[in-house]
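First comes the structure, then the notes that go with it.
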Amino acid sequence: MASDTIYALSSGRPPAGIAVIRISGPDAFALTARFLKGGRLPTPRAASLRTLHNPADGDVLDQAVVLLFPGPGSVTGEDLAEWHCHGGQAVIRAVLGALEEQGRGGGLAVREAVAGEFTRRGFENGRMDLNEAEGLADLLAAETESQRRAAMMMADGHFSRRLEGWRSRLLACSAQVESLLDFSDEDDVPDSGMERALADALAALREDMAAQLAAPSAERLRDGIHLVLAGPPNAGKSTLLNALAGREAAIVSDIAGTTRDRIEVPVNLGGVAFVLTDTAGLADRSEDRIELIGIDRARQAIEAADILLWLGEANVCPRADAIRVAAQKDRTGWRMPAGVDIAVSALTGENIYALVQMILDRAKSFLPTEGSYALHERQRKAVAAMVEALTAAQVNSDLLIVAEYLRLAREEMDRLIGRSGVEDMLDSLFSRFCIGK
Ligand code: GDP
C-alpha cells in the first residue's frame with residue numbers, strides 16, 4: 001500500500017465544462033477536509049456541492065462537486081476523492097497550485113501523480129488484473145469501434161474471468177496429481193478412475209485454451225488490417241485508394257509509374273482500422289531502376305497483404321484470395337471483364353460502397369467474434385506456453401513429470417494474470433496512460 005497521496009487533473013485538456021481533480025492515498029480525505037469550510041466531509045459516494053478554500057490563506061478557489069470513495073472499494077483500492085471543478089485554465093491552475101502548496105509545507109505526503117499512477121495503484125491493490133489494465137490502456141487509445149469493443153472485453157474483466165476459470169481448473173488438476181503422488185508414496189495402487197478423470201480434465205482444459213489461440217490479434221486491430229491495392233500501371237489504383245480514404249492521399253496521374261513506392265494510408269472503414277497500401281504498378285518491362293525497386297516492394301506488399309485488391313486482369317491475379325476489381329467502369333466503351341468480383345468507378349463513386357462492404361466481410365476473420373478476445377502478443381504467448389505444458393503433461397505417464405509441467409503452466413498463468421514475473425513490463429504498460437489516469 002502506497003504511503004503518499006497523489007493528485008492530478010484527470011479530465012481532458014482545459015478549457016472544458018468540468019475539470020475532475022482526483023486525489024488518492026491515505027491522506028486523500030484529510031486533504032479534502034482542509035479545503036472545506038469547517039473541515040466537514042461529505043457522505044461517502046454522494047455528490048455534494050461545496051466551496052473550496054485555499055487552506056493557506058482561506059481564499060475561495062471554486063465551487064465544486066466533491067465525491068469521496070473510501071478504500072479499499074475504490075478504483076485505486078485507496079481512499080479516493082474527486083473534485084469536479086469548473087474547467088477553466090485559471091481555476092485548475094489555482095486548485096492544483098493550492099494542492100502543490102499543501103504537499104510542500106502542509107505536513108502531508110502529497111505530490112502530483114505520474115502517468116498511469118492511479119491505475120497502477122488499482123492494479124497493485126488487486127482492483128484489476130494485468131489484462132484489465134492493458135484493456136483499459138487500449139480503451140483509452142481506441143479510435144475505431146472495433147478497437148473499442150475489443151478493449152472493452154478486456155477492460156471489463158471478461159477475459160480475466162475466463163482466465164480465473166482456467167486457473168481454478170488447473171489448480172484442481174494439480175491437486176489431483178499431488179494426491180495421486182501421495183498414494184504412490186504409500187505404495188498403494190492409484191485409483192485408475194481418478195487418473196482417467198484427470199486425463200479428461202487436462203484434455204478439456206488444453207482444448208479450451210488452444211481454441212483461444214485462433215483469436216485475432218489485438219495488435220492488428222490497433223495498427224490496422226493491411227489492405228493492399230495492386231495491378232498494372234494506370235489501372236486506377238491511386239484513384240481508388242483516394243476514393244476509399246475519402247481524401248487525396250495518393251498522387252494520381254496518367255504517366256505510368258507515378259506511384260513508385262508504397263504509400264500507406266490509415267483509414268477507418270465501417271468502424272474497423274485499415275492501412276491502405278498503394279503499390280507501384282507491376283509493369284514487366286521497366287528500365288527505370290527506382291521503378292524496379294518499387295515493383296519489388298509491391299510484390300512483397302502483395303504477399304504480406306491481409307486483404308488484396310487486384311485491379312489487373314483476373315487471370316494473372318497473384319493471389320487466389322484477392323478481391324478482383326474492375327476499375328474505371330464509367331469509361332466509354334468499358335466492358336465487364338471475365339472473372340472479376342466487382343466493377344467500380346472511383347470517379348463517379350459507383351459501387352465503392354459495395355466494395356467497402358466486400359472488404360468488411362473479408363475483414364471479419366481479423367475481428368473477435370462472440371466469446372473470443374483480441375489477444376496481445378504477450379497474452380497469446382502465455383496461452384501458447386500453457387497449451388504446450390498441458391500437451392506435455394497429457395502424454396506423460398510419470399506423475400512427477402506431469403506435476404512439473406502443471407507447475408510450469410501455473411507459473412505461466414500467474415504471469416498472464418500479472419501475479420508474478422511481470423515487474424519489468426509494468427513500467428512500460430503504465431507509462432502508456434496519461435497523468436490523471
Ligand atoms: P494507378 O497507376 O493504377 O495508380 O492509376 P491512377 O489512379 O493514377 O489512374 C490512372 C489514370 O486513370 C488517371 O488519369 C486517372 O485520372 C484515371 N482514372 C482512374 N480511375 C478512374 C475512373 O474510375 N474513371 C475514369 N474515367 N478515370 C479514372
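Cβ from N, Cα, C; glycine included.
Taking Cβ-Cβ distances under 8 Å and a sequence separation of 6 or more, the neighbours of Lys437 ((6S)-5-formyl-5,6,7,8-tetrahydrofolate binding site) in its chain are Ser10, Ala115, Gly116, Phe118, Thr119, Leu136, Leu140. The secondary structure of Lys437 ((6S)-5-formyl-5,6,7,8-tetrahydrofolate binding site), as reduced to three states from DSSP, is coil rather than helix or strand. Taken from TrEMBL, the feature (6S)-5-formyl-5,6,7,8-tetrahydrofolate binding site applies to Arg22, Glu82, Arg127, Lys437.
Taken from TrEMBL, the feature GTP binding site covers 234-239, 253-259, 278-281.
Residues or ranges marked as K(+) binding site in TrEMBL: Asn234, Ser253, Ile255, Thr258. DSSP assigns Asn234 (GTP binding site) to coil, not to a helix or a strand.
Per TrEMBL, the feature Mg(2+) binding site maps to Ser238, Thr259. With a 10 A radius on its CB, Ser238 (Mg(2+) binding site) counts 23 other CB atoms from all the protein chains.
Annotated domain 'TrmE-type G' per TrEMBL: 224-364, in sequence order. In terms of DSSP secondary structure, the domain 'TrmE-type G' (224-364) contains 41 helix, 30 strand, 70 coil.
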Quick one: average pLDDT across the domain 'TrmE-type G' (224-364), no decimals. 86
Find the shortest Cα-Cα separation between Ala280 (GTP binding site) and the binding-site residues Arg22, Glu82, Arg127, Ser238, and name the residue that gives it. Ser238
For ligand 1, list the binding-site residues among Arg22, Arg127, Asn234, Lys237, Ser238 whose CB atom is within a distance below 6 Å of it, in sequence order. Asn234, Lys237, Ser238
Which secondary structure state does DSSP assign to Arg127 ((6S)-5-formyl-5,6,7,8-tetrahydrofolate binding site), in the simple three-class scheme? coil
Cβ-centroid neighbourhood (8 Å) of the (6S)-5-formyl-5,6,7,8-tetrahydrofolate site, Arg22, Glu82, Arg127, Lys437 excluded: Ser10, Ser24, Ser74, Val75, Thr76, Leu80, Phe118, Thr119, Gly122, Gly436
Given the binding-site residues Arg22, Lys237, which one's Cβ is surrounded by the fewest other Cβ atoms within 10 Å? Arg22
When you measure from the Cβ of Arg127 ((6S)-5-formyl-5,6,7,8-tetrahydrofolate binding site), which residues in the chain that are at least 6 apart have a Cβ under 8 Å away? Pro72, Ser74, Val75, Thr76, Gly77
